[in-house]
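Novice: The structure that follows is given in the form of structure tokens.
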Amino acid sequence: MASLQTQMISFYLIFLSILLTTIFFFKVNSTETTSFSITKFSPDQQNLIFQGDGYTTKGKLTLTKAVKSTVGRALYSTPIHIWDRDTGSVANFVTSFTFVIDAPSSYNVADGFTFFIAPVDTKPQTGGGYLGVFNSKEYDKTSQTVAVEFDTFYNAAWDPSNKERHIGIDVNSIKSVNTKSWNLQNGERANVVIAFNAATNVLTVTLTYPNSLEEENVTSYTLNEVVPLKDVVPEWVRIGFSATTGAEFAAHEVHSWSFHSELGGTSSSKQAADA
């Protein structure tokens with residue numbers, strides 16, 4: 001009897017050891033994935049949260065109309081697990097979207113448009129040149145926000161001294177950490193791809209005008225910057241768009257949007273898919 005009990009105890013110890021090893025393996029090696037693709041925005045787009053003047057109509061997301069002093073934002077409704085506190089892992093992600101900035105005059109356009117990553121409880125911030133995402137040109141770690149801006153209006157207090165319209169990468173401040181001069185093609189559809197490589201912390205932005213009629217002008221732009229996401233944004237974030245107008249204005253529209261992230265070494269696995 002004692003021998004049988006010893007064998008049973010040994011069996012359960014081995015079983016427990018295998019079980020714990022398996023649980024640990026899956027905890028370390030599981031991948032949490034979030035994906036969605038919106039090719040046409042519906043009037044009652046259920047997976048978006050609208051803030052300010054943002055709304056959907058005629059298959060597109062309108063952030064602002066071409067009127068003065070507006071702020072419009074739209075957020076993906078499900079929070080994104082961008083890094084894992086237990087393992088220290090950071091997500092790789094790629095997002096692509098098409099947008100149009102359309103102003104009555106190509107010489108008087110404001111203020112711009114952003115894709116941003118922010119805390120789950122994010123609210124519209126200061127309008128005008130702050131693009132509805134920031135409140136200061138000074139670095140503010142409590143902002144916990146990273147944005148890619150498509151800036152159409154020069155603000156002397158923080159914009160590049162060349163006064164050109166530009167693409168910028170913003171980290172906890174409206175003053176960009178890196179910029180690329182950009183020739184806005186008024187009313188033309190722009191394709192954007194933003195990718196983050198967690199191994200290198202490099203954020204890459206590419207904008208192209210696929211149907212450009214302005215052959216003499218640059219129609220493709222690329223910008224890179226090291227952004228330590230884990231040190232800037234919370235573990236769980238929201239992603240979205242923001243646009244503003246001021247004394248000058250433009251309509252800011254998004255025509256399609258897709259997103260895919262993979263966070264390795266997490267304790268759970270999730271797949272979100274929306275059309």
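Heads up, the Cβ atoms here are built off N, Cα and C, so glycines get one too.
What you are looking at is a predicted structure, and each value in this text was computed from that prediction instead of being measured.
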Novice: In Swiss-Prot, D111, G246, A247 are given as binding D-glucose, so which of G129, G240, G264 is in that site too?
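Specialist: Candidate in the recorded D-glucose site: G129.
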Novice: To which of H81, H166 does Swiss-Prot also attribute binding of Mn(2+) at the site defined by E149, D151, D159?
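Specialist: The candidate from H81, H166 that Swiss-Prot ties to Mn(2+) along with E149, D151, D159 is H166.
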Novice: Using all protein chains shown, find which of the binding-site residues N155, H166 scores highest when you count other CB atoms within 10 A of its CB.
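Specialist: Within the set of binding-site residues, the most crowded position is H166.
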Novice: Could you tell me the C-alpha distance between F153 (Ca(2+) binding site) and H166 (Mn(2+) binding site) in angstrom, no decimals?
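Specialist: Their Cα atoms are separated by 9 Å.
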Novice: Among the binding-site residues G129, G246, which residue has its Cβ surrounded by the fewest other Cβ atoms within 10 Å?
Specialist: G246
